[in-house]
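Per TrEMBL, the features are as follows:
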DOMAIN    2-405  domain 'PUM-HD'
REGION    432-452  region 'Disordered'
REPEAT    23-58  repeat 'Pumilio'
REPEAT    150-186  repeat 'Pumilio'
REPEAT    261-296  repeat 'Pumilio'
REPEAT    297-332  repeat 'Pumilio'
REPEAT    342-383  repeat 'Pumilio'
Amino acid sequence: MNLDKSSSNQYQQPSALRVCLDQVKPFIVSFSLDSKGSRILQNSIVLAEQSTREIVFQQLFPYSQHLMKNQFANFVLQEFFNYDPLQSLVIEIIGSDIYYTRYSLIEMNAMQNQSSTTEVTKPAPSPKMNWSKVDYMKYRDESFVLRLACLMKDRMIDLSFDKHSCRVVQRSLELLPFDVSTQLIQELQPCIILAVNDHNANHVIQKIVRTQPPNSFLFLLEALADIHVVKEILTNQFSCRVVQHIIDNSPVTMSGTLIRTLINQSNDLVTSSYGNYIMQKIILSSYPNASRDILVALSGRIAELCLHKYSSNVIEKICEYGTDADRRSIINEFMRFQGGSQVMKQHPIVSLLLDTYANYVVQKVLICCGVELRESLCRIIINNAQILSSSMHWRHIITSLNKVAGSISDQHLRQQVLNLVSSNARYLRGTTFPTGNSDTDSRLSPRDFFTQ
């Protein structure tokens, strides 16, 4: 059957559509269970009037518990949510600037004051319905999602762990008033860790964290803060995603205990293929002195961790978003580094620059650090240029030098850097770099590149 609406006038006019639905009314449930029939119903719901949608919904409602778990019928039920009275109400109220935020007024003022005095800014919370200003119960008999929520009650665990019904649950959480959704969320408390680690239920938990007020899932924060649970997180990609969303969407006053527990386990998390993303989220969060606390936890191993594929990303993130004191402490550990070099007479920084992963960390420090530390690193690179030039990472080092050359205050050192960059201009094809005049830059012509 051709599903293209433009190919038939039957699906273009609402009047014709109503006749079509009347004809298939006894078979609506069977249609929803079929691949093509499900698509026909979804298209019909889009074109139908609200009264016609109500007729279709009433036919499906008695079987909704089973339809939510069906691979085709669950999409039909989700389509009703796009035309739920609560959906239009949310749009109307958000449009009038009356909305709920995840943070209290005191916390929002504190965030605004912090963003005005520091360079770190946190994204504004997404708008959400202020249900305290709306009598939503008058829509109880009209709202599709409120009626389905009655069927979800006492069945949230079963629905959240199912491959198809978890999608319906997620869409419901976007629309349900908070007092209704909170009752459903509380049903997950007995198996919350299983849900966090589950292939399907973890998406429901992520939706809860992103759309619901933190007070409704405090039990989740308490469960994840357990040291034994943190060790499980290291090997599970789903729980790592949940923790990242918690760090992004929960105020520090509520997630602080969890973050402190994670920082205490930094040595294990930074080397984990999933856990390293959690540590990077913590560095980007508003948690006070996060970079410094992580460096303290990793003290004595920072240079070694830079040689690791995953932990090098965490150290690089600290170099980018930490303070200059953090970057200096990293360099101090680099200077004491004795491993990773085949020739022990090499400078420790040179050994790291020759490494596949650590060279990116050193480059990030070079770009982000203060002038004094930057000039020290430039001298080390210039003095060991012959060794470094044979490395496969030499072109990246030259690119980094090109970026910082204009900020070097020592004129003699700056000229040395410029000479080194110019002699390796073939690695900067199409790149603009300083020429010695701080006010003007020049671009090499194609002829210059091929005549090096």
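Placed from the backbone N, Cα and C atoms, the Cβ positions cover glycine too.
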Inset, instruction - Mind checking which residues of the chain, 6+ beyond the ends of the repeat 'Pumilio' (261-296), have their Cβ under 8 Å from one of its Cβ atoms? - result: 111, 114, 120, 122, 225-227, 230-231, 233-237, 240, 243-244, 247-248, 252, 302, 305, 308, 310-311, 313-315, 317-318, 321-323, 325-326, 329-330
Legend entry - Counts of helix, strand and coil residues, the repeat 'Pumilio' (23-58), according to DSSP: 32 helix, 0 strand, 4 coil
Legend entry - DSSP-assigned states of the repeat 'Pumilio' (342-383) in counts, ordered helix, strand, coil: 30 helix, 0 strand, 12 coil
Inset, instruction - Restricting attention to the repeat 'Pumilio' (297-332), give the mean pLDDT. - result: 95
